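According to TrEMBL, the protein has these features:
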type	residues	note
TRANSMEM	B:7-26	transmembrane segment
TRANSMEM	B:32-55	transmembrane segment
DOMAIN	B:105-230	domain 'Palmitoyltransferase DHHC'
TRANSMEM	B:151-176	transmembrane segment
TRANSMEM	B:196-220	transmembrane segment
REGION	B:319-411	region 'Disordered'
COMPBIAS	B:348-372	compositional bias 'Basic residues'
COMPBIAS	B:380-397	compositional bias 'Low complexity'
Amino acid sequence: MAETHSLQDLQQPTASSKVFVQRDYGSGTISKFHTKFPSELEPRIDKQQFEETIQTLNNLYAEAEKLGGKSYLEGCLACITAYTIFLCMETHYEKVLKKIARYIKDQNEKIYAPRGLLLTDPIERGLRVVEITIFEERSIGSGR
Amino acid sequence: MVARQSGVLPLTLGLILITSGLFFIFDCPFLVKHLTSCIPVIGGFLFVFVVITLLQTSFTDPGILPRATPDEAEDIEKQIDNTGNTSYRPPPRTKEVVINQQVVKLKYCFTCKMFRPPRTSHCSLCDNCVERFDHHCPWVGNCVGKRNYRFFYTFIVSLSFHTAFIFGCVTTHLSLRAQGGKGLVFALQESPGSAVELVICFFSVWSILGLSGFHTYLVASNLTTNEDIKGSWSGKSGEDVTNPYSQRNIFVNCCSVLCGPMPPSLIDRRGFLPADESVQTAGADIELPDLANKSEINVCTQGTKGLLESATLPPLLSTSCPQGKPLTDPTVNFDPSPEISTSCSGARHVHHSRGRASTPRHTKTRSKKNKRAALQMANPSFDVPVSPSSPDAGPSSKARGHKGDSFSHLQ
């Protein structure tokens, strides 16, 4: 039993805390998160690394919400087909969201998990926050 | 699915179907014979377009923001300075942010436990915060917000064309029949359906055309009905305020509102899930029971019923459960069962068994609805009560009175 850890073990409230990076509405309603480094993460991760992660996320969301020729074309095509085209086609936004999910998974595996942190995809939180779970060292390995 | 109160969507659909049906039955044969066979083709195309866009407006998630998770709510509470106010409800909390050199106040939503993003408003009928909230439309039985505004706009524009087209065809039909001194009465007797169509179209074409015109103005200036009514950016208070979201170019505004990228539904991230699965990253609103905490789940079922009307549920038991038992484990959330996401969302993958919209809070909502009728108005140009689902005449006159107060500046 000591070898098998369920995710529940890792999430005992006494063994983890959460930090929330809120949305930055300074540029309007676009999806953007504050790049300010939360103090709770100081002992765990490099400030640069964290800011880079958030900045990349911001750039990816900007790409998803970009207004340009391609998105207009998609919009017009959708309108002409009475939006039924969305039944067969994935929107540009959805494609970028998949990209973001892959990026977060990648970041978690390479950078955050080794430091006992976990990034939650903002889409799972309604694009309100980037939730970072901090796991206390003592809970990992304590099979219950 | 549609909002908790589906309003008069059946009436809207019925009117469109009946009018179009009568058109195809009574007017088309005559007009095809005497004019051109293009008429039913155009009519058919417009009819299909109208119905599709109506259904899309009604069944698409308008941009509902899921409620904050308990941890988030706690985090925000910590950040807000508590002045130790002993009144039942703490003073309204606001946060200011500068967007495009305009100071925008972000309000804290007590129901959703978060600071509302700019242009987001809480719809009391749907009991959800909706992004880029335009208005709650009883005619389509849903809120009109960021995600379904383009469907709504396409619907009303195509409906204007459709109504005008039918009106024109019926007038032509009746005048052709009445030729040769036979008179209008004779024509109406020959084609009684046309009389019905004439009445319906005559009264609706003006309101729908007016509404389309109004919304075209809103689209061109990148405004929402909500902002226009409140006069948020019209500088009424004497300050120099401009709309910070407008791109100052009509064409660009239209494109960004109508043809911009389609944001995903925030409440539909996980679709169907088996009830016994426990996942670490909980979806925005569909949270699952943690089998290790069965007792908490049992405690929650009573609270669950009370939440059935909310499309997005607060995972925190203490806000919903009558017992008010707070959850210790932040990841334990109850699965209110598949019926939960009934109301208010157009989430496509949402679950079956919808009829639970009539939940305990329905009666409470009715009085709230009457009060809020003016705020959640359907269409300013429609001279109908905004809360049509109330059976009694009282609310409708009250609503009209309220409407008069709120919309006086529109007249």
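Cβ from N, Cα, C; glycine included.
Curation plays no part in TrEMBL annotations; they are all automatic predictions.
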Worksheet item: How many helix, strand and coil residues does the domain 'Palmitoyltransferase DHHC' (B:105-230) contain under DSSP?
Response: 71 helix, 19 strand, 36 coil
Worksheet item: Do any residues of this chain, six or more beyond the ends of the transmembrane segment (B:7-26), have a C-beta under 8 angstroms from a C-beta of it, and if so which?
Response: 40, 43-44, 47, 50-51, 54, 58, 137-142, 159, 162-163, 166, 169-170, 173, 191-194, 196-197, 200-201, 204, 378, 388-389
Worksheet item: Any idea what the model's mean pLDDT is for the domain 'Palmitoyltransferase DHHC' (B:105-230)?
Response: 90
